Amino acid sequence: MGLQGEIVPYRKKQEEEEEEEGTDYVDEVGDRDLGMIPTLPLQRKLVVVGYALTSKKIKSFLQPKLQGLARNKGILFVAIDQSRPLSDQGPFDIVLHKLTGKEWRQILEDYRLTHPEVTVLDPPDAIQHLHNRQSMLQCVADMNLSTSYGTVEIPSQLVVKKDAWYIPDAVEKAGLRLPLVAKPLVADGSAKSHELSLAYDQLSLQKLEPPLVLQEFINHGGVMFKVYVVGETIKVVRRFSLPDVCKRELSSIAGVFRFPRVSCAAASADDADLDPGVAELPPRLLLEKLAKELRRRLGLRLFNLDIIREHGTRDRFYVIDINYFPGYGKMPEYEHIFTDFLLSLAERQYKKKSCQ
């Protein structure tokens with residue numbers, strides 16, 4: 001089923017995604033105007049990664065430990081000068097980016113056509129698919145993933161583009177159950193796009209501000225799983241999430257409660273003393289199959305999934321958000337995982353050239 005139309009019922013996540021952690025370190029190489037990468041002997045030894053990131057992304061991602069490990073492995077990060085033509089810079093083996101805007105997308109698309117030998121992480125048109133929550137989860141829904149290890153679905157949801165006064169009637173017609181999580185329709189990585197609200201009663205729904213997506217709240221033991229994907233590698237961490245809502249609370253609580261960026265601001269739950277039924281990670285084989293299929297359908301290699309397990313079950317999971325180029329600085333061992341990934345891309349390109 002699709003997620004289309006003005007108000008669409010559906011059954012069954014630059015400003016950029018700003019990481020709350022980071023350092024004041026700024027890439028010393030990126031601060032210099034390098035122009036062309038010097039000398040051919042050096043070029044052959046290095047994997048040159050041009051990056052176009054916001055200042056906050058640079059601080060959180062290009063941390064000293066990553067920079068040092070990359071240099072030891074023969075990887076050089078070079079800042080892309082957005083005031084100059086991209087084709088005049090480099091040469092690059094890989095372009096790493098997370099910027100928004102039609103002009104930048106067009107620059108990258110033109111660059112990909114004229115420089116097919118360079119790996120662009122990732123295609124801007126594919127990234128754009130995740131900037132709208134109306135389409136973000138559609139590929140998960142279309143997969144209808146069910147294995148012996150469990151099922152993966154998305155929450156029942158409703159897209160509302162305008163007319164907040166009509167939301168209560170639309171929710172009733174769609175058969176959605178309260179409480180409902182309200183998320184901005186646009187997921188462009190800004191702080192505002194990560195704000196969410198929890199609406200407990202029909203009347204309070206009129207206080208919401210479209211355009212937005214309403215998702216049924218699913219009790220999940222207050223724990224969420226963040227599944228980081230870097231190429232073919234996945235890494236899973238636990239994060240505290242919104243607490244469960246019982247029927248007694250529904251009968252006594254009314255209104256809309258607003259929350260900051262739950263998935264990013266919440267503390268890690270990896271070392272917490274949790275009920276084993278809540279803390280148990282999703283089956284590895286299930287996650288690998290999900291990630292592999294999403295890489296194919298989305299055409300992306302750098303993203304993460306926010307996944308919850310329905311409380312009281314062991315094998316029923318829901319994807320509630322997908323983010324492009326998330327806060328990898330919070331992913332355990334991200335330095336080794338990411339540098340190995342960059343080297344594998346460079347090796348693949350080298351073999352491809354050798355066969356031509």
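Going from the start of the chain as shown, residues are counted 1 onward.
Note: Cβ is positioned from N, Cα and C throughout, glycine not excepted.
All annotation found in TrEMBL is predicted automatically rather than curated by experts.
Residues or ranges marked as region 'Disordered' in TrEMBL: 1-24. As annotated by TrEMBL, 1D-myo-inositol 1,3,4,6-tetrakisphosphate binding site applies to Lys57. For Lys98, Lys226, Asn323, Gly327, the entry in TrEMBL reads 1D-myo-inositol 1,3,4-trisphosphate binding site. The feature ATP binding site is assigned by TrEMBL to Arg133, Lys183, His194, 215-226, Ser241. Taken from TrEMBL, the feature domain 'ATP-grasp' covers 143-354. The Mg(2+) 1 binding site annotation in TrEMBL covers Asp306, Asp321. Residues or ranges marked as Mg(2+) 2 binding site in TrEMBL: Asp321, Asn323.
Between Arg133 (ATP binding site) and Asp321 (Mg(2+) 1 binding site), the C-alpha separation comes to 8 Å.
Cα-Cα distance from Lys57 (1D-myo-inositol 1,3,4,6-tetrakisphosphate binding site) to Gly327 (1D-myo-inositol 1,3,4-trisphosphate binding site): 8 Å (rounded to the nearest whole number). Figure note: comparing Cβ neighbours within 10 Å for the binding-site residues Glu216, Asp306, Asp321, the maximum is reached by Asp321. Max Cα-Cα distance over the annotated 1D-myo-inositol 1,3,4-trisphosphate binders (Lys98, Lys226, Asn323, Gly327) is 20 Å. Listed binding-site residues near Asn323 (1D-myo-inositol 1,3,4-trisphosphate binding site): Asp306 (candidates Ile218, Gly222, Met224, Asp306; Cα-Cα distance within 10 Å).
Neighbour list (Gly222 (ATP binding site), Cβ cut-off 8 Å, at least 6 residues apart, same chain): Phe240, Ser241, Leu242, Pro243, Asp244, Val278.
The shortest Cα-Cα distance between Asp321 (Mg(2+) 1 binding site) and any of the binding-site residues Lys98, His194, Ile218, Gly327 is the one to His194. Nearest neighbour of Ile218 (ATP binding site) by Cα distance, taken over the binding-site residues Lys98, Lys226, Asp306, Gly327: Asp306.
Cβ-based neighbour count (10 Å, all protein chains) for Lys98 (1D-myo-inositol 1,3,4-trisphosphate binding site) stands at 21. For the pair Lys98 (1D-myo-inositol 1,3,4-trisphosphate binding site) and Met224 (ATP binding site), the Cα-Cα distance reads 25 Å.
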